[in-house]
Amino acid sequence: MSVQEFDPRNNVAPSMDALIGETPAVYLKRMNDTAATIVLKLECENPMASVKDRLAYAIYDKAEKEGKIIPGKSVIVEATSGNTGIALAHIGTIRGYKVIIVMPESMSIERRCLMRIFGAEVILTPAALGMKGALEAVNRIVSNNPDAVSANQFATKYNAQIHEETTGPEIWRQTKGHVDCFVAGVGTGGTITGVARYLKSVGCGATIFAVEPAESPVLSGGKPGPHRIQGIGAGFVPEVFEAALVDEVIQVSGDEAIDTAQKLPRTDGIFCGFSGGANVYAALQIAKRPEMAGKTIVTVIPSYGERYLSTALYSSIKDEVFALKVLSAADI
């Protein structure tokens, strides 16, 4: 079932947010030359093409039920690297909320456009300040507007809850309970925390691997720094993230994430963003370990690649396409 009690295969959806969840899973085949099995949970197949659809749905649905927000009155404000903002803007339009998104200027232009398409106000903060700068701006907005409510994705209990309630059970069902390792990048920490909670609740002894940028290894006790893996590595340890659930942290460089993401469309037909590349790279490194032979490793493709066409991830393809020559009439 989707996040709502609704089966899209047999019914017409009451609204777009009813289609969130129940994303497919697929085996990584051609890129995986190891003795382990790698399963990719395609969160890019959500309506707004990212895992953050689940979080946005939970924020609106649970907060409405608890009386914390009111359609037509409350203003939803959030600091985001992009995908949460897109999802909040999308569902905000459906449910009748004004949405203000604050994000670092370094995030892709496609993300800004998508938020504006759904009517959100977009405020940019200096890239050098990272997510901390965006969070400070949100705090100022909320303190000056009595109707403003921070979605607070880095701390809200709804974040990990929705993955424990939906993503974890879906993975368990799709793999028929064969999960030896779960690998996920840490942005807010909601996906890895929620899925790990669920796996432990059903008695699964899966090893949990967190993925972070090598250039900003805060989960490993290092210092925050600029990096290129959009969507993970906020530069601090999020409140949502439960480190006790994690067995090992894998560091992935920007080059490794980008190289993997660029190869995936031409090996396995998977078009993803930076964090998807990081997750798959980490899963492959784990799969190469001798003790992983015959094991099943599950990771996540958090977002679709189309919203990264303006970034360094696909800049070479963009340059190649712009340089294409048009046939003359005589050559046709």
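Numbers here mean position along the shown chain, with the first residue as 1.
Any Cβ shown, glycine's included, is placed from N, Cα and C.
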Out of Asn83, Asn139, Asn144, Asn145, which is the one TrEMBL records at the pyridoxal 5'-phosphate site of Gly187, Thr188, Gly189, Gly190, Thr191, Ser275? Asn83
Gly187 (pyridoxal 5'-phosphate binding site), Cβ-centred 10 Å count of other Cβ atoms over all protein chains shown, is 29
Around the pyridoxal 5'-phosphate site formed by Asn83, Gly187, Thr188, Gly189, Gly190, Thr191, Ser275, which additional residues qualify by having Cβ within 8 Å of the site's Cβ center? Val51, Lys52, Leu55, Gln153, Asn159, Ala184, Gly185, Val186, Ile192, Gly231, Ile232, Pro302
Assigned conformation of Thr188 (pyridoxal 5'-phosphate binding site) - DSSP reduced to three states: coil
